[in-house]
Every structure is written in structure tokens, then in C-alpha cells.
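Participant: Let me begin by handing over the structure; questions about it come next.
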Amino acid sequence: MMDMSCNIAGVHFKNPVVMASGTFGFGKEYGNYYDLNLLGGISGKGLTLHPKEGNSGIRVYETASGLLNSVGLENPGIPMFLREECPRWEGLDTARIVNLGGNTLQDYVDGALMIEQDEAARRREGRSAIDMIELNISCPNVKAGGMAYGIKTETAREVVREIRAVTSLPLVVKLSPNAEDIVGMAVMCETEGADGISLVNTFSAMKIDIRNRRSVFDNLYAGLSGPAIKPIALRMVHQVSRAVSIPVMGMGGISSAEDIVEFIMAGAAVIQVGTFNFINLRAGKELIEGLEQFMMEQKVNSLDEIRGIL
Amino acid sequence: MSEVLANEQVAEGVYRLAVAGQFAGTMGQFYMLRAWDRYPLLSRPLSIFNVTAEYVEFLYLVAGEGTEMFSKLRKGDSISLEGPLGNGFSRPSGKTAFVGGGIGIAPFYYALGQIPDADVYLGFSREAYMVDEFRAGTTGQVVVNVGGIILDEVDFNAYDTIIACGPHKMLEAVQRKQADSGTKAEVYVSLENRMACGIGACLVCSVQCRDGRKKACADGPVFRAEEVVFA
């Protein structure tokens, strides 16, 4: 029997395939294409305390092997999520991760508290909808918000510390590849009590409309994802995995079972799949099948045998 | 995977693609198509031009890398389709006008199958295409304008339902004309925003509406004209 499972801060992942925040909604839409309970986990659309309309103008642009996005954290707000989506999440047999963003420190803290209290109330009744918080300090789209927090270690420390203080839920911090010192950032998260690290978010990038002599995006810069970033993301996951002892969720351009194996060999406990969900609506299911196939062919009984071997 | 039956050029840069198979779809819905493996990354949304028992058809304009690749497809080539997606038009009531600007005419041919007496307004910037097909498809009138403003030909007070598809500027003018004409007609626009997932998860095709953001792919692509806030 092959073992693809993994445990992060007491949360069981039946396999390492987790759907990345911002590319999977809250799962509902993809549930029409395959059974979401096959997945290792789902990180929901990034949430802020209050609803956000997101960025104006064009929000997506393709590059060579990559995708620029400028969604700007459009989301229904935490109260709406708790009310409208959590009842469905209660019925899911997969690791359910809430991705938490914020414009201000107070927003982050209030949002985390609301999630904590809502889930605590549910658990008192013997129910559960949320297994983990993924703290987004790295969304590069929100002016004066996510960007600043995820760049400098000491600015980020404040957020991680405050959130750690108000939640007993397992806490994973999602790092920006735009951080000045991504290894230092990860070590700080571990020191401040994070249960895990996820990386990388999108790379801050740009596209110019040369005929109209302006940026394609109203927000000037956009976030680059997709296969184009994979080699850099892999290197960062490797560096961070070696520097911390807490589990790492690796991501960046993963679009095949072979890519997953690379990230696991680089040290990732689990991986996340983002942009590839747009390319293949059944990505989650097919990647898990591909990974099983690989393990069978390579006679790997447990992913622990190959995790962090480099 | 499906098989291309035909892919013929009907005007400069405009192609009519037929894909074999039994496909579903109501008027105004679309499919996400890809005729390549990995790159470009995204599939391309194309609205349904026609559905028969044996095939589905799309009418598309070569506008970038993806549609350029579509234009090179030949009979027998493989293509994958996801769909039908989107809300489509609800069945129009009363006297109906379809107003298409350029490649925006595409969804109305299939719609004539259900509204066979609709009037059709076709506007083109340089060259008219598919006009004979539209003439054969309706018992109503077909008005064609090349190089002018098709909207000027439409009397908004002469209809109960008006549905428009075309460039953003045209749809914005539809909204203005609805207000200025004081028409009692139900007026709809079909949007062509850039999409990624096509199923309502990624929010890149988000539309600013009077009561908040909506998704062009899942809540649309058809919206009430007065609902959309044009930038």
C-alpha cells in the first residue's frame, strides 16, 4: 500500500495535492468536475475581514509559460464566507484551509479572531469546517497592504505574532517570493510559532501595452504564476525547507506529477496547485493519479522516502 | 478530445469552426476550447454559433495567439471543449432584436433557432460576413451596416427585447441608448471579458455591476444592460 499522506500540525493530508488559494474559489465550481474529497486539501480564496471588490481593468494576461493576474483579492469578506461557504466545507473530507489576508494589522487580527471563534463554536457542537489558517502576507496586488507586510521580515513578524496570539488553529504563513530575504522570513515565522510555511505566492511583474503606452494593468504591476516561475519557486522551497524544521507547502507552476515529485524532493511536505487548475479543470484528480503512477513505477512506497533528499 | 470537422475562413481573420460530437448548449452560452497541449496556458472562450445533432460550431476572429492557432486547424485535428458554460439568454419575450457588432454576431445565429422571427442587426467595421446565413435563419429583417454605427439603425422603442453583443464601446452605447430612448424593452448585453477558468472560480473576468462584482463566465456572459457599470 502506497502512502502519500502527511501530517501538518495535527491536520491529516491524505495526499500532498492541495489546491492553491485564489485559483479554486471555495471549491464548489471544481466539484462539478471531480470529487473534491480526493484532494489532500483546499486553500480557499483569500479572505479579508470586509468584502473587497478587487482591481479594476484587465485582470489577466498570458506570458510565455506564465500568467499575470491582477485580481486584487476580490472576496466576499469573512462573515459571508463563514455563513455561506462553511456549511458546505463541513461536509468535505479534505484539509480545509482558510486563506487570510488584510489591509491593516487590525483587519488581520479581527479576521483571525472571527474565524477562530466561529470554528470554536462549531467544534463545541461536534462539527468542523476549518482545519487550518494560511496567513497571506504576500499578495502583491493590494496597494499599501499585502506587499509591504511580505517584503520585510520585521514588518511581517508583527502580523505573524499577532495572529499567532489570537488563534489556536494550525497556522501556516504564505510567503512572497518578493521578500527581501525569504529564508530569514521563514525562520522568523518558525520563531514566532507558525506551524508551517507555504511558498511561493506570485512574483511581482509587469506588462506594457506599447501601442497605448501604458501598463496593461490598472494596478501597474501584476502577479506572475505558472510554469515560468517553477524553477525559481523550487529553489526557494529547497532553501526554506533546509532552514526551518516546520513543514513546508511548496508551490509555483506545478503542472505535472513530475513537478510534484521535484517539490517533495526539494523538501516540501505537501504541494499546492494554482494556475494549472485553469489549464485542466480536473487537475487535482489527474495529478493524484499521476503521482500514484510515478510511485508505482519508481517503487516508492511512501513519499517520506524521497522527501527532502536533496 | 473531439475532432475538427471543418474550419473555414469566412472573411479576413474570421473563421467558422465545426467540431464533431453531440454537444449541448442554450443560446448565449459558450465553450472553453483548446487545440494545444500546454501553451498557451489558457483555453479560449468562444460562444456557440450553432449546435446540431452531429456537431457544434463556433465563429471566431483571430485576435491573438490562441485564435491564431485555432485558425490553423484542419479537418481531423484534435480539440478539447469544456462546456457549455455561462447563463445564456433567457427566452426573450415579444418582438426581439439581436444587435451584433463584428464578431459579436456569433451567438445570434444559434438564437434564431429559437426566436426565428427576430430582427437581426449586423454591424461590421470593414467587411460583412455570414449575412446570407442570418437572412436564411430568420423571417424577420436583417439590417447590415459596414463602416458605420449599427446601433443608429435600431429603434429601441420598436422592440420588447433587445440583446446586443460586440465591443465594449458598442455595449456602453447600448446602455446609453436604452436610457436616452426611454424604451420599455428589456435590454441585454453579452460581454466578452478575458477569462481563465471559465467556471467562476478565478475572478479574472469580474464585471463591475450596480450591485457589486459579478463573474462574466458564471453569472454572465449575458447581463441586463442597465446592470453593468462600464469603466
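Note: Cβ is positioned from N, Cα and C throughout, glycine not excepted.
Curation does not apply to TrEMBL; its annotations are automatic.
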Participant: Do you know which of A:Gly77, A:Gly223, A:Gly226 TrEMBL groups with A:Ser21, A:Lys45, A:Gly46, A:Asn99, A:Asn136, A:Lys174, A:Val200, A:Gly252, A:Gly253, A:Gly274, A:Thr275 in the FMN site?
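Facilitator: Answer per TrEMBL: A:Gly226.
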Participant: Out of A:Asn136, A:Val200, A:Gly252, A:Gly274, give those binding-site residues positioned within 10 angstroms of A:Lys45 (substrate binding site), comparing C-alpha atoms, in sequence order.
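Facilitator: Neighbours among binding-site residues: none.
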Participant: On the three-state reduction of DSSP, what should I expect for A:Gly72 (substrate binding site)?
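Facilitator: Once the DSSP labels are grouped into three classes, A:Gly72 (substrate binding site) ends up as coil.
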Participant: On the three-state reduction of DSSP, what should I expect for A:Val200 (FMN binding site)?
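Facilitator: DSSP assigns A:Val200 (FMN binding site) to coil.
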Participant: Based on the record's binding annotation for substrate (A:Lys45, A:Asn69, A:Ser70, A:Val71, A:Gly72, A:Leu73, A:Asn136, A:Asn201, A:Thr202), what whole-number value in Å is the widest Cα to Cα distance?
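Facilitator: Value for the max Cα separation, rounded to a whole number: 16 Å.
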Participant: How big is the Cα-to-Cα gap, in Å, between A:Gly252 (FMN binding site) and A:Thr202 (substrate binding site)?
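Facilitator: Checking the Cα atoms of A:Gly252 (FMN binding site) and A:Thr202 (substrate binding site) gives a distance of 8 Å.
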